[in-house]
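Student: Sending over a structure as structure tokens; questions will come in a sec.
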Amino acid sequence: MTSLLVIIILVLLAIALWQLTKIFDLTQVGEEADNSQIANDSDNNTQGYLMFGFLAFIYIFTIYGLFTWGHLVLHTPASAHGGELDTLMNVSWVLIFIVQAITQVLLHYFAFKYRGKKDQKALFFSDSTKLEVLWSGIPAVVLAVLILFGLYAWTNIMFIDDNDDTIVVEVYAQQFKWTARYSGADNVLGKANVRLIEGINTLGVDLSDPNAQDDIVVSELHIPKGKKIHFKFRSQDVLHSAYFPYFRAQMNCVPGMVTEFAFEPIYTTEEYRQLPYMVEKVATINAIRAKKSAELVAKGEAALDSYTFDYLLLCNKICGASHYNMQMKVVVDTPEEYKKWLSEKATLVQEVKAANAPKPVEGGLEKDSTKAQDTAAVVKMAMK
Amino acid sequence: MSAEGHEQGHEHEHHHKDTFITKYIFSIDHKMIAKQYLITGIVMGIVGVMMSMLFRMQLAWPEQSFKIFNILLGDKWAPNGVMANDIYLALVTIHGTIMVFFVLTAGLSGTFSNLLIPLQIGARDMASGFLNMISYWLFFLSSVLMLCSLFVESGPANAGWTIYPPLSALPQAISGSGAGMTLWLVSMAIFIAASLMGSLNYIVTVINLRTKGMTMTRLPLTIWAFFVTAIIGVVSFPVLLSAALLLIFDRSFGTSFFLSDIYIAGEVLHYQGGSPVLFEHLFWFLGHPEVYIVILPALGITSEIIATNSRKPIFGYRAMIMSILAIAFLSTIVWGHHMFISGMNPFLGSVFTFTTLLIAIPSAVKAFNYITTLWKGNLQLNPAMLFSIGLVSTFITGGLTGIILGDSTLDINVHDTYFVVAHFHLVMGISALYGMFAGIYHWFPKMFGRMLNKNLGYVHFWVTAVCAYGVFFPMHFIGLAGLPRRYYTNTNFPLFDDLQNVNVLITTFALIGGVFQLVFLYNFFSSIFYGKKAVQNPWRSNTLEWTAPMEHIHGNWPGEIPEVHRWPYDYSNPGHDEDFVPQNVPMKEGEEILHH
């Protein structure tokens, strides 16, 4: 409230200031106008040289940036389609650098070269159809190539053929965590709706659906190398975005609808850790962390853990206060490891049964499972 | 259009003396309204820029204690001087809202459309001075409401300036979606009403009130830009208004336009059948044209200033008009490039990629035409000219990365990262801001009868130019490293630890650049009172506003409105001794038109 009062006072002060202009209107009479605040030849000279200097600044800064920060940029895509995307990216970058280099030189060099001088006369050059055609034609041709290349890649990546041999996995978003559901042996996910959320069935899976019987719910995403994974995304509350930077994959999770993205991982987590660039990156990060840890320990706080690389799934659409900490570890296994990992997991139906089983009483399992089915049926009725 | 009709109106104005209220507050004079827009825009700009400095500090030195946080944000939002994550998001949200709408739409377009449309087309005032006044005061009201929203108990809106539901619709989802969001929506609804009144006025004025001889192809490019901008505004702003109203319905009256199947805070909500994607479509149907609402006036201002200060005709006058029209048309059919990965049908993504990349063609034409205008000129490097050249530079740098973001395939991996932040800040934020500064330096004498100090102007430009690249150039790299935007801190991801020193560098540039805007503020406010008195046509310009007397009179010209005999870009015309020939100078006997 005090701050609001302060602001009101400031506004009033501003109005008072405004009123002062009236007084100054009167004092203006009799003052001489002159051209001292208009650029003269000496200003033009100085500013012209500074323009040239600024060109140097842009170039040096760009080159410095490429050397100092170039290694930060994501490279070596971990998915099969990533290579195509990165090629398109690199083609675009080459083009951008060429155009940027030429136009900035011309712009700043002309600003320097033609800086105003007293007896210099500008050339009256108002238009040229030839030139206009030239610089609308060249971009048109170049863009046509980029558009065609882009659309070809986009179609390859985004259109998922249902006949493909894929593994269907659901990625489920909620404030502020990710959960994954595997479709099991039938490779079909059971129906689900937020209205069915109850107890440990946090994804609202319809337990009466035959397709849901072998569904497996986990909090760490494992996927096998060399197999296309067909992700289906859901959200239970607000918009989220499932962002897998190393796989060049991203899709929003929208409450009320299912969205999809498919990709094939081509490096296991272990293999990706061994890539020379990643070894170097992790070493750099650990050096930074060691330095920070030393400071923390000096202050009497706990040191930071050392870092090993893991693929991550990040939330990339603002989703609430803790948006900045919504992540899930993604592990790419060899197909054998993956099979083994998945076979050790209990299905959701089993977990629900176990949770509903009253521990001390013998033989309660049967009764409870019917009860669970009843509840599901009731909820289904309510939905209708 | 008839000069006589205006003459009568003009005489009528002299019957009563202006009081303080009618002259400075409820003024219907376009020149005063322009100044009102400008001052309000500058005040909002100060708030918006300060917010960005605060959250940049949090990003460089996450969760560290700063006394300034505690002073400005209070104990609730910055206990012990550590910024809370709710308020971080609020600062980001309100910074975006204020800069895009209140500074770069109202502050830029509102100021210069109002000032220049009547003066440059040779009209006594806007078509409706009264509507114009209402437009400003609604804008003022919406500004006040937006600032008030900073003080509500649950905090200002913090769901991002794009206010995507359900986050913005559910108070359970985030603290700012309570009273703060209500105020945000009401403020924006009023803002849109203000903007529409302004735009309609600009359109009607340009079409009907041009002076004798001022054909459409003799209009300065500033007017073309303002005119087309107003049309884009009228076409697209109402769609945002409808989105805002529907969101208010969802929030307050239980409808389900944008909401469906939501389980939050332990309960299922009743909403069913709506879609947040619908909101995204409605939002971006304004949201993307909005980019051009912001940048076209800046480009119009630049065209005028570059031609005047190069002492050369703008190169390719007709091509410039064509490219403005092409950009305006394309701007309404590209909104989906904000939604490539929203879950809409990928086929739509292909269509929007195609239309989006087409915009590069008229943009390239404009950039090359500016560069050619400089070629073999006699450049008067005034501060306004520096900002205009700076605009062309950042417009190119920022525009080029649009080739990446407009391509749906490449957008997959850079969507919503800092790469996007770097791109749009350069291409529309910094560029439009440069356009606004250029306009202020150039037309300050017209507005206040005095000159801005040129040396302070030079300092202002060079520090701003270096800092703008210093902030946004490194930001491309951290975006390409996969760093998502709108993260309160990156410390939960050891993966991003090696980006931290880049963030410190960015913040350092941002703080220096922000503080140096004080040079401009000092120059601006002190020159209003103590600046050197200006001569009538300080930049030796051709356009009509400089034929009007220095002292502001209602009706702009004391006698008859000048008649126009030529286009506005007769600079260094070989048939004349002077290097400029104002539009109201009649053609010499046997003088040929040297341009197309």
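Glycine is no exception: its Cβ is also placed from the backbone N, Cα and C atoms.
TrEMBL labels come from automatic prediction, so no person has curated them.
So TrEMBL lists the following for this protein:
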- B:20-565: domain 'Cytochrome oxidase subunit I profile' (DOMAIN)
- B:37-55: transmembrane segment (TRANSMEM)
- B:87-117: transmembrane segment (TRANSMEM)
- B:129-152: transmembrane segment (TRANSMEM)
- B:183-209: transmembrane segment (TRANSMEM)
- B:221-249: transmembrane segment (TRANSMEM)
- B:291-307: transmembrane segment (TRANSMEM)
- B:319-341: transmembrane segment (TRANSMEM)
- B:347-372: transmembrane segment (TRANSMEM)
- B:384-406: transmembrane segment (TRANSMEM)
- B:418-444: transmembrane segment (TRANSMEM)
- B:456-482: transmembrane segment (TRANSMEM)
- B:502-525: transmembrane segment (TRANSMEM)
Student: Taking pairs 6 or more apart in sequence, does the count of Cβ pairs under 8 Å between the transmembrane segment (B:291-307) and the transmembrane segment (B:418-444) hit 3 or more?
Tutor: yes
Student: Same chain only, please: residues at least 6 beyond the ends of the transmembrane segment (B:37-55) with a C-beta under 8 Å from a C-beta of the stretch. Say none if there are none.
Tutor: 68-69, 72-73, 83, 88, 91-92, 94-95, 98-99, 102-103, 106-108, 110-111, 114, 136, 139-140, 143, 147, 436, 440, 447, 510-511, 514, 517, 521, 524
Student: Rank B:183-209, B:347-372, B:456-482 by Cβ pairs under 8 Å to the transmembrane segment (B:384-406) and hand me the top one.
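Tutor: The stretch I would name here is B:347-372.
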Student: Apart from its near flanks, which chain residues at least 6 from the ends of the transmembrane segment (B:183-209) lie with a Cβ under 8 angstroms of it?
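Tutor: For the transmembrane segment (B:183-209), the far contacts come to 1, 97, 101-102, 105-106, 109-110, 113-114, 117-118, 121, 123-124, 126-128, 131-132, 134-136, 138-139, 141-143, 145-146, 148-149, 152, 156-157, 163, 219, 223, 226-227, 229-231, 233-234, 237-238, 240-241, 244-245, 247-248, 251.
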